[in-house]
């Protein structure tokens with residue numbers, strides 16, 4: 001029977017060769033790594049396969065490759081409510097557990113890596129017709145991957161970054177990345193899968209594949225290196241992002257409240273380090289997204305709106321470079337974090353004079369240390385927002401224009417002290433549908449509840465770091481958003497916003513993102529990106545601050561930048577950079593409407 005099975009196997013291979021039109025060449029079995037025998041019968045594990053070929057590679061082909069990998073690993077996954085960010089499936093049947101990623105270098109050398117769809121973890125690879133497994137490989141991996149080809153000697157290291165770095169004799173911060181380094185890594189893995197060169201090569205491969213799929217910021221760095229045919233060395237922000245992916249995922253998933261609304265308020269801070277070695281204490285989703293462009297979440301807990309997978313629990317996942325072991329398929333616990341609320345012009349929501357009497361107004365005031373008692377608020381699961389003074393943020397009534405005060409939580413009018421925090425920055429009273437508003441652009445302004453017109457004066461960020469986030473905004477064809485205003489001149493003469501080649505130190509490409517949803521010129525923060533109207537095809541320009549709806553923007557997780565007042569997105573007109581025109585447009589999902597933030601390190 002084994003002879004018969006072998007003959008059948010040969011026939012299948014011949015059929016595959018003929019079907020693909022391969023003539024006169026030897027078959028490389030790693031092109032068919034899922035062929036296996038069970039008993040006397042041949043089996044085909046139908047794992048999907050994708051390819052990235054460095055020959056003729058462009059940033060566009062790399063972008064498409066990463067997008068396809070994301071699509072495969074998130075099939076059947078749920079998304080976080082109100083976002084487009086998928087959560088990887090906690091468990092999947094073995095028949096869908098892996099994806100093969102074929103990497104081809106300039107010499108035609110092929111290395112195939114196996115990626116676990118539950119973690120984006122590289123778990124094995126094949127090179128030179130041999131399959132290689134890490135020293136901590138599981139039975140599931142050894143049983144299902146690279147069967148039908150010889151097994152190389154077991155690797156002396158695990159797939160964890162700590163083990164790889166030890167074997168490589170170098171840490172990630174000293175190992176360059178880029179197309180030339182990926183080309184070399186494929187060659188090294190092809191020639192020798194077991195030595196220190198292999199460990200170093202795997203560090204390159206893992207970051208340029210798995211980490212780029214997890215974070216659009218890393219994808220963007222690789223894309224730019226391909227476009228420029230250059231290399232880059234991971235900075236401290238990239239490395240801490242890689243280390244904290246699990247913790248990020250946990251905090252995002254625990255930001256869905258008991259009503260299934262994604263507030264984006266973290267229970268615990270995620271600490272990152274920027275490239276100037278300054279600490280970033282990230283305690284809300286908006287800041288996390290702007291700094292990391294997080295694209296995929298690891299399953300950490302079941303959110304209120306997630307479906308529960310009833311398959312048997314998967315084996316514990318030990319993540320690359322992390323000190324966390326994910327154990328439980330448990331429901332997310334929603335905390336009651338205490339944070340500042342900042343909004344118009346970056347000012348903080350403040351209890352006037354720090355007095356705790358019922359009816360005392362709530363205002364906006366400059367944020368300051370030592371003012372925690374009157375500028376910090378606890379977000380309770382019952383929908384109340386409570387001052388450290390012990391009283392609730394309460395609307396005086398349910399009519400447009402009523403003022404907002406602190407009041408005893410138990411004796412306030414029913415529903416007047418309930419609030420819904422939305423990921424777009426709106427804080428709404430669910431009874432009246434009115435939203436928290438700072439009506440005037442001056443400190444000491446008393447807050448009101450008003451009809452939602454999606455104005456900047458109605459946008460808030462919940463988080464203790466109230467400083468604007470300074471960033472470049474990268475758009476179509478890897479070019480940067482730029483304004484052609486000149487300092488110390490009449491700004492009305494220099495109002496155009498357009499795309500140009502990214503230049504690191506060009507001031508006109510630096511933008512400050514404020515808590516009120518405004519995008520401001522970093523060198524003159526009185527100037528805002530403004531929609532010159534509310535209709536499709538209206539231009540986007542620079543104007544002085546007004547607090548209007550046409551000056552508020554939302555960076556969506558799908559890569560669009562939305563003006564919520566017009567319900568239109570930022571668009572490169574006609575996908576033609578040479579027109580030097582950015583406009584409002586209905587969302588189409590096309591590349592000329594996709595944007596990335598590349599945040600800049602803070603000065604010490």
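Sequential numbering from 1, following the chain as shown.
Note that Cβ sites are derived from N, Cα and C of the backbone, with glycine treated the same way.
Going by Swiss-Prot, these are the annotated features:
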- 1-43: signal peptide (SIGNAL)
- 335-463: domain 'Ricin B-type lectin 1' (DOMAIN)
- 345-387: repeat '1-alpha' (REPEAT)
- 389-429: repeat '1-beta' (REPEAT)
- 432-465: repeat '1-gamma' (REPEAT)
- 477-521: repeat '2-alpha' (REPEAT)
- 490: N-linked glycosylation site (CARBOHYD)
- 525-563: repeat '2-beta' (REPEAT)
- 566-599: repeat '2-gamma' (REPEAT)
Helix, strand and coil totals (DSSP H, G, I; E, B; other) for the repeat '1-gamma' (432-465): 3 helix, 9 strand, 22 coil
Cβ contacts under 8 Å made by the repeat '1-beta' (389-429) with residues that lie 6+ beyond its boundaries: 82-83, 261-265, 285-286, 341, 351, 354, 356, 358-362, 373-374, 377, 379, 382-383, 435-436, 446-452, 454, 458-462, 515-517, 554, 564
Three-state composition of the repeat '2-beta' (525-563), taking helix and strand from DSSP: 3 helix, 16 strand, 20 coil
